[in-house]
Each structure stands twice: as C-alpha cells, then as structure tokens.
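**Q** Input: one structure, supplied below.
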C-alpha cells in the first residue's frame, strides 16, 4: 500500500468532452474531490484517452482538456495538495491498459453495462474497440497509482469490481504487483435534476440545454434559466419529490449552495409563491457561478501557468506510474530494456 503522510491514496478522473462543468457534476464529484485533498494523497486527472473512445474534433478536445483542468483548479484543487494531470501526459496508462486487456476474458468485458448501453445506441459499425476496452484502461488508471480507494457512485461499482478482480488475478498469476483498492463511497449528495425536466438527472445529453446550469455560462443567461425552471400549477413552496419535482429540485439546489435546511426554506417562502423562490435562487446561483467563471478565465488567460501546473502533476504521476509499470512488466516476464 502506498501512503503519503499515512493518508490513503485516491485516484479519480473527469472527461474533457463537455466544455463547461454543470452544477450536477460539480456537486456530485468535484466538490468532494476538493474536500479529499485534506484527507487523502489525491491523484486527479483529465481523462483524454477515455474521451477518444467516441469521435472527437482534435481542436475541441485540446481546448476542452485545458478548460476542464482550469475548472478543476477554479473549483479549489490545489497543485500543492493534490496531483493534477492529463492522462495522455503519462504514457504508462496505455501500456498497463494493454496488460489488463490480456488478462480479461472476452465474455467478462462483454458484460460491462456501459459498453452494452452505448453500443446498443450506436450500433456495431459505429462502436469502437476502444469503447469495448475502456473498462480495462480504467482499471489500469487505478492500479498504476497503487490507489487504496476509488471514489465511486452507483454507476461505477461494476468498474471497481472489475479492478479488484483483475488486480487479484494478476497478483495470483504473476506476483504481487498491485494494491487491491476498496470503494470510497462518495457522500450521498443531493441529486440535481434538469430545470426543464425535473424527473431527469441534470446531464449534457439532455434534449435541450435550457435545463442545464453550466458553470461557465453568462450569469444573466444562468439567472434566466433558473427563473424559467419548470414547476407546477400549485403555488405552495414545499419539498415533495413525487408530486412537486420541479419545486423540490429548486429547493435542493438552494439548500446545497447555501447550506440552508430545506425545512427552513419552506418556512421562508411560505405564502410567497414560486416567483420569489426563483428570483432569490437565481441570485444565489449567479453569486456562485460568477467567481467560478472568473477564476477559470484567469487560468485560461495564463496558459503558461496552467501548462506548468499540468507538467508538474504529470511528472509526479509518472514517477509513481513508471515504478508500477516496471514491476508489472518484470512479473509478466518482459525482457528489460538496457540503456
């Protein structure tokens, strides 16, 4: 097990494909990554190798990678308290990914639900082998850093089980090369729903962007989205996920951003109707996104500093990854290169 100051090591990553983070993925993951810097030896990466399992425009991918890194820093990741890097800057990911491919059964890989879901939507001709082997690269991402813990939500549990299975399989077949990680269950965060369809999770794949609170949008546009959020024909501000999903979603967002209890908010808006709630919430959201947007812009306007942070992170990541890969190569029986 690898430790820094006796802290468990944790690894997580985020896709660079979305441009702006939205409020749902910020609250669901990124905010907790920021907190984990104080309790863990934390490694965080922008997973551009994973991004190309589906078609990407090269210029957009490059830009989105920078924007994702800038937003992580704007959210509070501190390069002195965590290791932040871009996945493709550490070639050991792809190298260990190949070893993981070679110890994974075809049937085992076929059962991964994410592949089944995406390939069903795209059809066989448009589904890449990269998408099929995506989970094995994810396993390599984790094992390279001898991560003790992996932050997981419900949709990632299957990938963590595969990671544990492959780590055990490799260790038993060849020799102990990998830490077998455990799940770090992310705190039960309030689920944030689409403003236009409050029965669906806030997501980039939504039918319309009107329901998304993008953190890099113009604050005025964000305020307008909040004020236009779908509610119901009633006027009572009350939390009830079943019968009042729209209002409940607005109360959840308000509570999550301010720390106010939902019951307290219900009392505050008793007899005031939805208009007052939406107006105040629009102000709360704008107050949150405006400084976030400004901090992100500062990093993007100073590419030298951003590049230096990512280079430092990649150097630290490679120092750990290279050691793990060398050990795995030795256990497999590869002839060592003599320099």
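Count begins at 1; order follows the chain as displayed.
Every residue gets a Cβ built from N, Cα and C, even glycine.
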**Q** Among the residue ranges 16-25, 26-35, I'd like the one that Swiss-Prot describes as motif ''HIGH' region'.
**A** 16-25
**Q** If I go by Swiss-Prot, the feature motif ''KMSKS' region' sits on one of 191-195, 196-200, 201-205, 206-210. Which?
**A** 201-205
**Q** Using DSSP and collapsing to three states, where does residue 25 (ATP binding site) fall: helix, strand or coil?
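**A** Assignment for residue 25 (ATP binding site) reads helix.
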**Q** Quick one: of 15, 17, which of the binding-site residues has the smallest count of other CB atoms within 10 A?
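**A** Among the binding-site residues 15, 17, the lowest count of other Cβ atoms within 10 Å belongs to 15.
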**Q** I'd like to know the mean pLDDT over the motif ''KMSKS' region' (201-205).
**A** 85
**Q** Any residues 6+ beyond the ends of the motif ''KMSKS' region' (201-205) with a Cβ under 8 Å from its own?
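**A** The answer is 18, 22-24, 191-195, 211-213.
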